[in-house]
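Participant: Straight out of Swiss-Prot:
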type: ACT_SITE; residues: Cys75; note: active site, proton donor
type: ACT_SITE; residues: Cys215; note: active site, proton acceptor
type: BINDING; residues: Asn13, Gln46, Asn66, Gly76, Asn77, Asn155, Asn188, Glu206, Arg207, Gly216, Ser217; note: substrate binding site
type: SITE; residues: Phe265; note: site 'Important for dimerization'
Amino acid sequence: MLINFVKMHGLGNDFMMVDNLAGDITFNAEQIANLANRHLGIGFDQLLLVETSNTKNVDFRYVIYNADGLEVEQCGNGARCFAFFVSKKGLSNNNPIVVETRSGIINLYLNDDNTVRVDMGKPSFNPADILLLVPQQSTYYQIEGFDLGAVSIGNPHCVMLVEDVNTVDVSSIALRIQQSELLPNQANIGFMQILNTHEINLRVYERGSGETLACGSGACAAVVYGVEQGLLKENVVAHLNGGDTLIEYIQGGHVFLSGPVQFVFEGKVEI
């Protein structure tokens, strides 16, 4: 089957976008992993599908697959690309665009400067929402010898405070944490260096994709954790390897993610 796709990225976090409103396209995990291969396929961090939703007052269903072919709950940078895609392809004139994910409903706001602001919803610190096997909720947890905060932004995140993100062995530490028995579903692991109360440096190792140039939900998780610990203020610029994103969060409220999106190319591929 020959399908149309668009390659997009948000701060280097890249995606294969597919219009599946007709519902006639299906992928298996092997196909997705092959397409995600950066040498033999298209190359991407996530595959994003635009599908119809049966939920009242919802415009689309937003389906997300990691590069390993497994479906996941949320992707913040992908949500920004999703909004831009459905708008530029003429699939919706709404603003905001309301989409349904595996973890709930989110609102996507298109700005005049080609950036998108995403209402990522209310974060959760409940270990059950993170699938963290601990007896009770705490401000931090010791996992594989590391002190970590844990937050759900619709998907599970652990956050580690570090002095310098450039000297951290991100891959080996993240893999060690992800393999912990306390995280049977794994988690995205963020390494946060606080520069001041309104700026952080951040690197994120995503489950199923490895370290990415940017992770929107990871930036949200890091800032939420920092605000909750009194280390950060309500508006924070997160500096990631792919660029900067703005996170807004007031304790007890929703968290918002803003940043640019970019079309890269479009084409057809046989699956």
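Here the Cβ of each residue, glycine as well, is placed from N, Cα and C on the backbone.
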Participant: Using the alpha carbons only, what distance in Å do you get between Asn13 (substrate binding site) and the residue listed as 'active site, proton acceptor' once rounded?
Facilitator: 7
Participant: Tell me, in order along the sequence, which recorded positions from Asn188, Arg207, Phe265 have their CA within 10 Å of Cys75 (active site, proton donor).
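Facilitator: Correct set: empty; none qualify.
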Participant: Residues with Cβ closer than 8 Å to the Cβ of Asn188 (substrate binding site), same chain and 6+ apart in sequence?
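Facilitator: The list for Asn188 (substrate binding site) reads Asn155, Pro156, His157, Cys158, Val204, Tyr205, Glu206, Arg207, Cys215, Ser217, Gly218, Ala221, given in order along the sequence.
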Participant: Quick check for the class: what is the C-alpha distance, in angstrom and rounded, between Asn66 (substrate binding site) and Phe265 (site 'Important for dimerization')?
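Facilitator: Spelling it out, the Cα of Asn66 (substrate binding site) and the Cα of Phe265 (site 'Important for dimerization') are 20 Å apart.
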Participant: If you count other Cβ atoms within 10 Å of each one's Cβ, which of the binding-site residues Asn66, Ser217 has the most?
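Facilitator: The residue with the densest Cβ neighbourhood is Ser217.
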Participant: Between Phe265 (site 'Important for dimerization') and Asn77 (substrate binding site), find the distance joining the two CA atoms and give it rounded to the nearest Å.
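Facilitator: With the alpha carbons as reference points, the distance is 17 Å.
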Participant: For substrate, with binders Asn13, Gln46, Asn66, Gly76, Asn77, Asn155, Asn188, Glu206, Arg207, Gly216, Ser217, what's the maximum Cα separation in whole Å?
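Facilitator: The span, Cα to Cα at its widest, is 17 Å.
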Participant: Compute the centroid of the Cβ atoms of Asn13, Gln46, Asn66, Gly76, Asn77, Asn155, Asn188, Glu206, Arg207, Gly216, Ser217, then list the same-chain residues not in that set whose Cβ lies within 8 Å of it, in sequence order, for the substrate site.
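Facilitator: Going along the sequence, the neighbours appear as Asp45, Val72, Gln74, Cys75, Gly78, Val204, Ser209, Thr212, Cys215, Gly218.
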Participant: Find, for the listed active-site residues Cys75, Cys215, the residue with the lowest Cβ contact count at a 10 Å cut-off, counting only other Cβ atoms.
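Facilitator: Cys75, out of the active-site residues Cys75, Cys215, has the fewest neighbouring Cβ atoms within 10 Å.
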Participant: Among the binding-site residues listed here, Asn13, Asn77, which has the most company in the form of other Cβ atoms within 10 Å of its Cβ?
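Facilitator: Output for this query is Asn77.
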Participant: What three-state secondary structure does DSSP assign to Arg207 (substrate binding site)?
Facilitator: coil
Participant: Just to verify: the residue among Arg207, Phe265 with the fewest other Cβ atoms within 10 Å, which of the recorded positions is it?
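Facilitator: Output over recorded positions Arg207, Phe265: least Cβ neighbours within 10 Å is Phe265.
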